[in-house]
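Q: Below is a structure I'd like to ask you about.
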């Protein structure tokens, strides 16, 4: 029996966020789920906390804060997207090995690695001169 387009639209409406509050609630649930279930998110959170503490201790400039916070939020965002991609791939592949599934997961993890490299480089550029000055002056 062919599916009626109206039935499909009605079922889509049931799941569509109707208010800003419900959209925000779903988004926050996703963020909390990522922190609760993903081991790497906890590591990123600890790294972010240490970077913020270092920024406060070394009294970084406004521009340095912008780059520091950009790095932190980019890493967390990419990790959430990576986790979402991994979940969708696992769902679609029903946990069976597929080279396409592996490639998708590897590429998503690679994106996190690239942005983490950017964050590490940003941290080095900001903090190494300050630590150097502290140690040798």
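Glycine too: its Cβ is placed from the backbone N, Cα and C atoms.
Below, the features straight out of Swiss-Prot:
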- 1-42: topological domain 'Cytoplasmic' (TOPO_DOM)
- 43-58: transmembrane segment (TRANSMEM)
- 62-78: transmembrane segment (TRANSMEM)
- 79-108: topological domain 'Cytoplasmic' (TOPO_DOM)
- 109-129: transmembrane segment (TRANSMEM)
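I'd like these features described in context: how deep, what's nearby, how far apart.
A: The topological domain 'Cytoplasmic' (1-42) scores a mean pLDDT of 79 in the predicted structure.
Residues 35, 64-65, 68, 71-72, 75-76, 79, 123, 126-127, 130 of the same chain lie 6 or more positions beyond the ends of the transmembrane segment (43-58) yet place their CB under 8 Å from a CB of it.
Within its own chain, the topological domain 'Cytoplasmic' (79-108) is flanked in space by residues 30-31, 34, 37-38, 40-41, 44, which lie at least six positions past its ends and keep a Cβ under 8 Å from the stretch.
Within the chain, the transmembrane segment (109-129) has long-range Cβ neighbours (under 8 A, six or more residues past its boundaries) at 40, 51, 54-55, 58, 60, 64, 67-68, 70-72, 74-75, 78-79, 81-82.
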